[in-house]
Amino acid sequence: MTCLRFAWRPLVCLAALPQRDSTLISSSSAAEAEDSHARDAQRHTTSESALLTANGSEVMWCVASVHETLHDLKNFAFTVTEQPTFSWSALKTNRDNYIKRLNNIYLNNLKNSGVTFFPAFARLAKPDATPNGGQAHSIILKSGDGKEETVTADHVLIASGGRPVEAGIPGEEHTINSDGFFELEEMPKKVALIGAGYVAVELAGVFAAMRAETHLFVRRECALRKFDDMISSRVDEFMKKAGVQVHPHSNAKAVHKDADDSLTLELTDGRKIGGFESIIVTIGRVPEVEGLGLQDVGVKQVPGAGYIQVDEFQNTSVKQIYALGDVCGKLELTPVAIAAGRRLADRLFGDLPNAKLEYGCVPTVIFSHPPAASVGLTEAEAKATYGEEDIKVYTGTSVNLYYGAWPVAPEEKPKTFIKMICVKSLSMKVVGLHVVGMGADEMIQGFGVAIKMGATKADFDNCVAVHPTAAEEVVTLAPWGLSHKGM
C-alpha cells in the first residue's frame, strides 16, 4: 500500500513511492490509523501530512478543573494563606510545546514506518486506465513554489477533516473561531461565545472556571440540542450556576468594534451587548474539501452540506476512492476517525473483507464543568425507534462523595444525574445511557462496552457495586433484580 496524506494548509507533506497501490489524502488521526494498519499489513506506505495538530481542549479543561479545585479547598477545611497566581501566557507556551511534541511523535512514527513526505497541495485528477484492467487514480501535487508533479495509485483515501463555519455577518473579521481560541495570548476578562454545540459549551466552561465574565449566545432555548434532553437541561443548569450568562433565542446580526477596541455584539432582535474583549464563533464545522477535485473524478457529495457520500464500508461513489472522518459528517470525533481508518486498512490489506466500523453506540463526552457523557440512543430517539410504550426509562440523582463532607446544605451540593433507557420487548436491553456529573467522562467507557455487547437492565443489576464510586449509581438504579417484576 502506498498512502498519500494531504492536509489542507499552506504547507503540507506529501509522500510517494515509485510503485503505489494506495494513496491517502489527509492530515487527520484517521489517516495515521490507516497508515499504521496498512504498514502492519506489510504494504508499501506513502503519506502526506501537515504538522498534525491537536486542539488542546482537554488540556484547557484540566487547567480549568484545577482552578475549580483551588476554590473547593475551603470546603475541605484547608486554609489558603497565599492566593495562587496564574499566567495564561505560560500555560499557552506549555500547551503549545505539548502539542508540538505530540505532532512530532506522530510524524516520527510515520517516518519510522517508511513514509516519505513532499510539501505540497493535493488535487485529484481524472483516472487513467491501467493495463491490468483496473483503475489508477492520479493525484496532482503542487508545492509551495508552484511546481507540479503527478503520482498515481490504485486506492485513494480522503480524510482531510473539517474547518470552522463562518458566521457570515458584518464585522466577523473582529471575531475568532474555535481554532483562534488557542492562539489567544491573553485570557479575555469578558468573552462572548456564539454557538450551541459541545465546543461552545466546553469553551464557556473553561472561561467561567477561570473567572472570566462569560456569555453564551444560543439560537434556541438551550445548548446541546442534539443530546438527550437530560444532558442539555442539566448542563445548562450547571453553566448558569458557574456564572455563564446564557442568552437563549439569540441570533447574531453584526459585530462592532468600539472606540476603546472592545467589541459589541448586535442581535437580530435589536439587543446590543458590548464590552467584550473577545467574541468566539463556534457554530459548527464544514468538510475541508475545497480544491480536492472531487467533481473532476465524480465523487458525490451531500447537496448543500458538502460532505462526501460514503457507504458502510467508507466507499465513495468512485471505485477505489474512500473517505472517512469529519469529511463524511457522521460522528465528528477523533476516536471515530481512528477506528474507521483501522477498519478500512483491515478490509483493504488485512484479509478482513467485511471489516467496517459500526457507528451505533459510540460513547462520547462533553468536557463541560462537570462533564457529561452519553452512549446509545437519546430518550426521544429510542421512542421514535421502538415506540413510546416499549421504552422504560430509569433515572437517578446522587451526590458524589467528593462533596459529601462539604459544610453546605444538602440541596446546594452538586449532583450527578443518570438516565438509563431500556426496551421492554428486548428483555430490557439497555439502548442508551446518559450521565452528567463528576466522573462521567471516565465511567462511560466501560459502560459503553457493556451496552455495545447488548447488556440488559438485569445485567447491570447483577453487577456488584464498587463503593464508594460515582459509577456504582449506574448499577443500583431501582428497581433492581434478575426478574422483570416491577419493571
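Positions of Cβ are set from backbone N, Cα and C atoms, glycine also.
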*According to TrEMBL, Gly195, Ala196, Gly197, Tyr198, Val199, Ala200, Val201, Glu202 bind NAD(+); which one of Gly284, Gly291, Gly293, Gly298 is listed for that same site?*
Gly284
_Which range is it, out of 28-49, 160-181, that shows up in TrEMBL as region 'Disordered'?_
28-49
_Beyond the site residues Gly195, Ala196, Gly197, Tyr198, Val199, Ala200, Val201, Glu202, Gly284: chain residues whose C-beta lies within 8 Å of the centroid, for NAD(+)_ = Leu193, Leu203, Ala223, Leu224, Thr282
*Express in Å, rounded to the nearest integer, the largest CA to CA distance found among the NAD(+)-binding residues Gly195, Ala196, Gly197, Tyr198, Val199, Ala200, Val201, Glu202, Gly284 named in the record.*
13
*asked:* Give me the long-range Cβ neighbours of Val201 (NAD(+) binding site): same chain, 6+ apart, Cβ under 8 Å, in sequence order.
replied: Leu216, Ala223, Leu224, Val235, Met239, Ile366, Ser368
